[in-house]
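**Q** Just dropping this structure here.
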């Protein structure tokens with residue numbers, strides 16, 4: 001007991017302070033309320049709570065899908081802005097839970113520091129993206145060129161400033177609580193900012209790599225709910241009592257079929273399949289290119305076992321449709337674990353939803369828990385199986401080197417091609 005009391009004193013806390021503030025499990029849950037619009041409440045007043053929830057979720061799901069189609073129509077720049085807004089809202093929802101759970105409203109500077117760290121991390125990630133995808137524009141403007149050259153040093157200096165501010169803000173009797181919140185902020189940044197940044201990278205590979213994965217997650221969420229609502233009998237996981245095996249399996253087959261059909265439709269349009277590139281002449285985004293082999297129809301032989309069932313020997317399809325099977329399978333089998341993780345998080349802190357932003361659906365984070373996990377998978381999948389070296393970016397970087405460096409690379413490349421027999425040497429000529 002004496003050792004325990006001395007540790008508490010060294011930590012700057014009394015025993016009673018530690019019991020009352022460090023035990024987050026005893027904190028009151030974040031209050032939630034019925035935020036269903038009054039119009040829907042009146043229209044659905046005669047229905048049972050089960051069917052009322054079904055109609056509220058259905059109507060607002062259609063509204064969100066409509067909004068999704070509108071922002072896709074508005075183009076990549078609007079999509080990037082929406083991703084940024086979603087990221088900020090998700091960060092706000094998770095950080096607010098931390099404030100409520102840990103009673104940290106009275107901690108000095110902590111609200112300011114949390115948002116400051118969000119700004120620093122976004123500056124780092126989006127600065128890297130600007131340098132990669134707007135290289136010519138950056139090199140054309142002197143201020144941007146300087147910021148690009150010293151980008152990582154500036155990012156580190158900004159973060160170091162926040163770190164020093166945190167150390168200076170430490171207050172006696174709140175040390176442990178402040179370090180809890182410091183860790184909470186950084187884990188939130190890792191989950192939200194890093195993965196939303198990967199969504200932007202997927203978007204630049206082509207709109208199809210953005211739309212198909214997101215649509216597969218949405219489809220799986222809807223179809224799992226539908227199958228579970230009408231046929232669900234067997235509980236799937238204790239973290240989410242309403243999830244059933246019937247919904248899980250039905251959602252899987254529906255999502256794979258949906259992924260194949262959506263990929264077939266979108267693969268025929270260049271505006272979806274071409275990488276999103278910045279045109280320096282017009283200072284705008286372009287999505288015009290010659291479609292790669294992924295988006296050209298090819299003929300495939302059907303396995304002999306299935307030929308008698310389907311009655312065909314060959315089938316014409318886009319190679320991307322094969323990749324879509326992997327994407328839709330992940331979205332329906334592994335993607336839901338992002339939702340289970342979020343359910344466990346909410347149960348740990350005794351809350352129903354992350355927020356009440358969307359009636360019947362909870363907060364923005366409640367809708368994007370699976371999307372963030374999906375975005376990470378898509379980025380890893382593209383890097384592992386799809387993306388190769390980009391010649392245009394290599395040439396852009398080559399042209400920014402000093403003349404002697406360019407000459408050295410030229411001679412090295414020439415010697416390599418001569419050794420490979422792809423280029424005749426001067427002596428042979």
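Cβ atoms are placed via backbone N, Cα and C, with glycine included.
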**Q** According to TrEMBL, which of these ranges is transmembrane segment: 44-70, 71-97, 206-232?
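**A** Matching range for transmembrane segment: 206-232.
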**Q** Ranges 129-151, 244-266, 267-289: which does TrEMBL label transmembrane segment?
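**A** That would be 244-266, the stretch labelled transmembrane segment in TrEMBL.
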**Q** Can you dig out which of the ranges 297-319, 320-342, 343-365 TrEMBL describes as transmembrane segment?
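**A** In TrEMBL, residues 320-342 carry the label transmembrane segment.
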**Q** Kindly point out the range from 17-39, 178-200 that TrEMBL annotates with transmembrane segment.
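**A** That would be 178-200, per the transmembrane segment entry in TrEMBL.
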**Q** Under 8 Å for C-beta pairs, could you tell me which stretch among 109-126, 206-232, 244-266, 320-342 has the largest tally with the transmembrane segment (178-200)?
**A** 109-126
**Q** At a threshold of under 8 Å on Cβ distances, which of 109-126, 206-232, 320-342 pairs most often with the transmembrane segment (244-266)?
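**A** Stretch with maximum Cβ contacts: 206-232.
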